[in-house]
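**Student:** Provided herewith is a single structure, encoded as structure tokens, for subsequent inquiry.
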Amino acid sequence: MKLKETLNLGQTAFPMRAGLPNKEPQWQEAWDQADIYKKRQALNEGKPAFHLHDGPPYANGNIHVGHALNKISKDIIVRSKSMSGFRAPYVPGWDTHGLPIEQVLAKKGVKRKEMDLAEYLEMCRDYALSQVDKQRDDFKRLGVSADWENPYITLTPDYEADQVRVFGAMADKGYIYRGAKPVYWSWSSESALAEAEIEYHDIDSTSLYYANKVKDGKGILDTDTYIVVWTTTPFTVTASRGLTVGPDMEYVVVAPVGSERKYLLAEVLVDSLAAKFGWENFEIVTHHTGKELNHIVTEHPWDTEVEELVILGDHVTTDSGTGIVHTAPGFGEDDYNVGIANGLDVVVTVDSRGLMMENAGPDFEGQFYDKVTPLVKEKLGDLLLASEVINHSYPFDWRTKKPIIWRAVPQWFASVSKFRQEILDEIEKTNFQPEWGKKRLYNMIRDRGDWVISRQRAWGVPLPIFYAEDGTAIMTKEVTDHVADLFAEYGSIVWWQRDAKDLLPAGYTHPGSPNGLFEKETDIMDVWFDSGSSWNGVMNARENLSYPADLYLEGSDQYRGWFNSSLITSVAVNGHAPYKAVLSQGFVLDGKGEKMSKSLGNTILPSDVEKQFGAEILRLWVTSVDSSNDVRISMDILKQTSEIYRKIRNTLRFLIANTSDFNPKQDAVAYENLGAVDRYMTIKFNQVVDTINKAYAAYDFMAIYKAVVNFVTVDLSAFYLDFAKDVVYIEAANSPERRRMQTVFYDILVKLTKLLTPILPHTAEEIWSYLEHEEEEFVQLAEMPVAQTFSGQEEILEEWSAFMTLRTQAQKALEEARNAKVIGKSLEAHLTIYASQEVKTLLTALNSDIALLMIVSQLTIADEADKPADSVSFEGVAFTVEHAEGEVCERSRRIDPTTRMRSYGVAVCDASAAIIEQYYPEAVAQGFEA
């Protein structure tokens, strides 16, 4: 027998190396086979419900790291709720209609206009479902637990039917109307866009300063006066029908020296504009307020048949331009609003493809709108005062990445203005995390226009609207309910397969169709109406769910997207928000804080992380960052995260190994019988349990990460486990000291594994498989630990906090002695503490082996007054460090005066000799092997 065999060296097959890329899929397969999701739901039957409603990602392509951040965050929340006394089902969803899928098919050579529409839509459907399958596998590979067999998909008949019912309810309340307002128009998509489909980029544009001649000055201005106008969209001059001034702004008429013309412009801009126009000297002739100029008539710069009326508008500023803006009601929201209010014609001179139309004039017809600036300048002639290139933020189609225009076209709208205040009131009642989200969404709703819900595309849910012979739009509840029933049975494809008459209720008549003829709408709904109806198609439709949801969690871009559209439809139909709380996350940037893009080559795919590190590292990274703001990721950052994971794993491995001979039912020691330091660690750990549980409830993942890492690295590795080895390895296997520590080890091991399960489910399950005394087959079926409190714990914590400070000071003294070559390892030390009465009282109160806690072989507590001149002091406490007296015990590795060679061939101290002689008589008789 060898001497080391008398030590209780922990034994475990739990591997030090995780091998996550290979093991994770094995655990996921085991979960699927055991149907863990359903088992967890069954365990929670009858408990309070918690419903996180999944915002549907778009079904196109593999997931990116932003998807991973979002889905992992949701999974952590749902898992923690499921283990904390809540019935928390999680139904994943997918958004499947819209232009991107049409674009994919177009790139594959599919020509929509050359094939049967039903066949084309079936191709769209098949592609979308293939992407759902692909992304489902991607999400499952992340370890996300969900009802994967019963997701919601926006193209399914039942969902489309529920979406139509939302539309029908809004129409029944008078919230749906048709109008020819200017909308965001994408010539590259040939469709209207919603605000959520817009992104902004900085571009260079040519701006023009030009003048309109006064035709009728209404006794205020002479006809030799010209009103100076500024525009950044020269093509819209073709449709200009008015000039807008600020009602309370001050204007002046100036006469440049040497010019026969006089010019009107904002007074505060005179000097800067004069310099721009090359007016070296000028005279101010008259002063006017904007109100005085109202209804003055001017000539269009080149179209002699058009008059442009001066009108008043509060949107005019002097931040740039001239203080006067030309007004084309067909090409801008502000222009439209003031134009309609003043009776201006709404003229549109650009077609759906961005080409100038016949009404723009023969010189412009057929040209692309963005290429006509030189021609506009030519047509302006000497009315053009200046031209310059400016850099400004401009809206782009988020899918095609092409610029868009405002363009008035007949569209269907949801009248947000009719119930705006109700929406704002609901926002006030909703909890937001971070808190600024409330103001952000509030301001968006307050300032937004009515919602353009029609799209001129094919792949989507048709607008369930019919037209009578006299043009009357029909969308009564009777009709929309019938269409919804048809969609539920056949899918929305039936809209394209049947004539209008066959889509209406049997025997339907309408006074506007005396001949019984009807037409059906060919536009589809905005895809944001699709996902924005999910509260009805999912939360309100499934028996195991409830509406409103407890939580919506998405990226901060969804304040103008899903958070927005869901809120509008829910308030419109039911008068309340679809959610009780909204949690938003920032974007994922690269390690330098730059936006990820394929062109920059700085993207990181979840699949790459899974292959190199494992999904657990990505999951741990999610908890390590403050996702309420933009977060950074890189392979270097993930490598650092994997190091933290390794520390956590190896600490838990140590606990597994050193409780391998511990049966909690037989060997556990009651709290009151634990050693002082063991009680301290029990109290300390329960504080961590409390912190983590509260952080889970607050969705504060970073607080969980910090609590776990600090406890594992500081409280366990750097303190408790550091000296505990000298007990659990060296003391007799069944000794009270060892069983006390094992009790604490096992308690921490089991509870910390449960606490980590929502974050590191694969690792937690692997650990659980080694805990043979636990009843649950899988840790996911266990319950979260509840923090305990103990009598007198505050006093105990205070005492140990003071000791930890003293221990830190002692470690500094030991380090100095090590540097001075007095000792090597701390176990070679004889440490003397020159203690005040206060420190002596503290050390006595701890009732502990202080030498053990300091990890020194010998310790002396001396009077503070006796400190020698060569002592070292830290924060008022003096220490001396000498080499310990005696020889090294071959078993405990401590230096001990009682160490001597024994008859059985080893040099050990009396304490080790007693253990050997009691428990290993055969070795005593035969001697130990070398």
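Cβ atoms here come from the backbone N, Cα and C positions, even for glycine.
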**Student:** In Swiss-Prot, which of 57-67, 387-397, 860-870 is labelled motif ''HIGH' region'?
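**Tutor:** In Swiss-Prot, residues 57-67 carry the label motif ''HIGH' region'.
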**Student:** For Glu554 (L-isoleucyl-5'-AMP binding site) and Lys598 (ATP binding site), what Cα-Cα distance in Å is obtained after rounding to a whole number?
**Tutor:** 23
**Student:** When neighbour density is defined as the number of other C-beta atoms within 10 angstroms of a residue's C-beta, which of the binding-site residues Glu554, Lys598 has the lowest density?
**Tutor:** Lys598
**Student:** Where does Glu554 (L-isoleucyl-5'-AMP binding site) sit by DSSP, helix, strand or coil?
**Tutor:** strand
**Student:** The motif ''KMSKS' region' (595-599): mean pLDDT?
**Tutor:** 82
